[in-house]
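Trainee: According to TrEMBL, the protein carries these features:
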- GLY83, GLY84, ASN85, PRO86, ARG105: substrate binding site (BINDING)
- ASP106: Mg(2+) binding site (BINDING)
Amino acid sequence: MAALPLATAEVCDANPHLIMNGELCALQPIFQIYGRRQVFAGPIVTLKVYEDNVLIREFLEEKGHGRVLVVDGGGSMRCAILGGNPVQQAQNNGWAGIVVNGCLRDVDEINGCDIGVRALNSHPMKANKKGMGEKHVPVTIAGTRICDGEWLYADTDGILVSRTELTV
């Protein structure tokens, strides 16, 4: 189910009507780029956690089928909720990418993985392991409300979220 990567700037230029009616949104440019795959796209799976990475690991242990995990980590800059092992697992399980409204660690390891990753920054401290959070709920990240089943398109220009799959 891997989506065809589209250039985000071209998508915006070609679809002003989708931007005007709110079906296509650009996330505010707050994310750092990690991983070897700078361009990625796929259907979204949402997760809301705070300084806890148990549910993130559980999701990434599943087959990704070209999906993108979007994690609202509350924007916490106090610890990393994503690390090298789960990202390696996501790569091996066929996830297209991971977008984290929070921090990650093991940057060199993540940058060696063939997967797209976006996060606010890196942080050396690990997260809690209580298993707290909400799966498949709407999240608001970088000024945009994101729902399960919507589509995410990311490249070096930015990140777009669309209510439906886009074609060229």
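Glycine residues also receive a Cβ, built from the backbone N, Cα and C atoms like all the rest.
TrEMBL does not curate its annotations; it predicts them automatically.
Are these features on the surface or tucked inside, and what touches them?
Mentor: Within the same chain, residues at least six positions away from ASN85 (substrate binding site) with a Cβ under 8 Å of its Cβ are ASP106.
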Trainee: Using CB atoms and a 10 A radius, I'd like the single residue among the binding-site residues GLY83, GLY84, PRO86 with the highest neighbour count.
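Mentor: Of the binding-site residues GLY83, GLY84, PRO86, the most buried by Cβ count within 10 Å is PRO86.
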Trainee: Determine, for the substrate site, the additional residues of the same chain whose CB lies within 8 Å of the mean position of the CB atoms of GLY83, GLY84, ASN85, PRO86, ARG105; present them in sequence order.
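Mentor: Here the non-site neighbours turn out to be ALA80, LEU82, VAL87, GLN88, LEU104, ASP106, GLU109, ILE110.
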